[in-house]
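Participant: Just dropping this structure here.
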């Protein structure tokens, strides 16, 4: 029995196609009956299934384009921990796998990063994660085992609920807890950035879904203000970024801030828009970081100044990059447009004064996305640029614009 179990584990983690096929079939059959509990796993919403399916697509892109076997193994472990996190049957189990996901991404960052600043980025990643999640264990000791529940909807003090949610807010990340993300993205290799943006940021969002009911008895003004500050300021920071990867990292903070604002409206529109934003941001950000990584691999620079003239040097790359940034900016008919439209509609229904914040948010996002898009199309090419692995982006690019997801969340 031991040898059979060892053989199954070996095949599961060391055979790429078997790993992808098994996970894909597993999640596909879960969609038939999405509400169930058993084997320490729990699912009661299509949101968790769609996020898990998105993780499998992101992992597929990584396994097809990465050449290092060790990086592939770390990627599979990371996605495995994340999928178990999405279907955890208690908040304590979520915390356990939440902390486990730090190790693969930290090994990728420190082991495969190319610059010495990766040590500082690793310190930021570990410090923010440990500092914000350590109070969770203290609260678990004094919670009378209420954290063994799937959803945290108990009426404790506001401070108790705040520290429970702080554990997950650092992985959005919200503004003031975001400094680790741009540093980690800039210093990490391409595969680590793709997994960090496409999968790991969804840990905080899914965890926040579990504690959302505990926040309904208290004022949401603090979290709403935090989300508006993050959306407006980080979109403004994107305008003067000289590193394209840093720009994409701040863009992720902008989208996650809109997700938090939609949830804090405590409405059906806000929750549907936030759920859809998780899926749309996962696909578009993973593609964006992968394409930026391929650009750096060929030209050995990530400067915005040189990020241009692709229409003359590589048409296929220019078209894919154009569609990805269009999706990231929330232009119809991208899925990001529908999700942000629902989030903004939920905010207008309860707080009309947020129109000022939404105006500046839309203006700044349109400005930096339009600048990048025009840079892609303009200029004179000097070097032919085509990589065969660009073809693996097409399925995920289709999912960025696939309105099939609307039928699940609405």
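Residue numbers in this text run from 1 along the chain shown.
Using the three backbone atoms N, Cα and C, a Cβ is placed for every residue, glycine included.
TrEMBL: automatically predicted annotations, no manual curation.
Grabbed the feature section from TrEMBL, which reads as follows:
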type	residues	note
DOMAIN	88-360	domain 'NADH:quinone oxidoreductase/Mrp antiporter transmembrane'
TRANSMEM	6-29	transmembrane segment
TRANSMEM	36-65	transmembrane segment
TRANSMEM	77-110	transmembrane segment
TRANSMEM	122-142	transmembrane segment
TRANSMEM	162-181	transmembrane segment
TRANSMEM	193-215	transmembrane segment
TRANSMEM	221-240	transmembrane segment
TRANSMEM	247-269	transmembrane segment
TRANSMEM	281-299	transmembrane segment
TRANSMEM	306-327	transmembrane segment
TRANSMEM	347-373	transmembrane segment
TRANSMEM	385-408	transmembrane segment
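Tell me about the setting of these features in this model.
Facilitator: Remote same-chain partners of the transmembrane segment (77-110), defined as residues 6 or more beyond its termini with a Cβ less than 8 Å from a stretch Cβ, comprise 13, 23, 37, 40-43, 48, 51-52, 55-56, 58-59, 71, 118-119, 121-122, 125-126, 129, 133, 136-137, 140, 147-150, 152, 164, 167-168, 171, 184, 187-189, 191-192, 195-196, 199-200, 202-203, 206-207, 210-211.
Residues 47-48, 51, 54-55, 58-59, 61-62, 75, 78-79, 82, 85-86, 91, 94, 98, 101, 105, 108, 150-156, 161, 164-165, 167-173, 181, 184-185, 223, 245, 248-249, 252, 256, 259-260, 263-264, 274, 278, 281-283, 285-286, 288-290, 292-293 of the same chain lie 6+ residues outside the transmembrane segment (193-215) yet bring a C-beta within less than 8 angstroms of a C-beta in it.
Residues 174-176, 178, 215, 247, 250-251, 253-254, 256-258, 260-261, 264, 351, 354, 357, 360-361, 364-365, 367-368, 371 of the same chain lie 6 or more positions beyond the ends of the transmembrane segment (221-240) yet place their CB under 8 Å from a CB of it.
Proximity of distant same-chain residues to the transmembrane segment (247-269), defined by a Cβ-Cβ separation under 8 Å and at least 6 residues beyond the stretch ends, is recorded for 169, 172-175, 178, 181-182, 185-186, 197, 201, 204-205, 208-209, 212, 215-216, 220, 223-224, 226-231, 234-235, 237-238, 241, 277-278, 281, 285, 288-289, 292, 304, 328, 336, 340, 342-343, 345-347, 349-351, 354, 361, 365, 368, 372.
Long-range contacts of the transmembrane segment (281-299) within the same chain: residues 51, 54-55, 57-58, 61, 65, 185, 189-190, 193-195, 197-199, 201-202, 244-245, 248, 251-252, 255-256, 259, 306-307, 317, 320-321, 324-325, 327-328, 334-336, 383, 385, 387, 389-390, 393, 396-397, 399-400, each at least 6 residues beyond the stretch ends and with a Cβ under 8 Å from a Cβ of the stretch.
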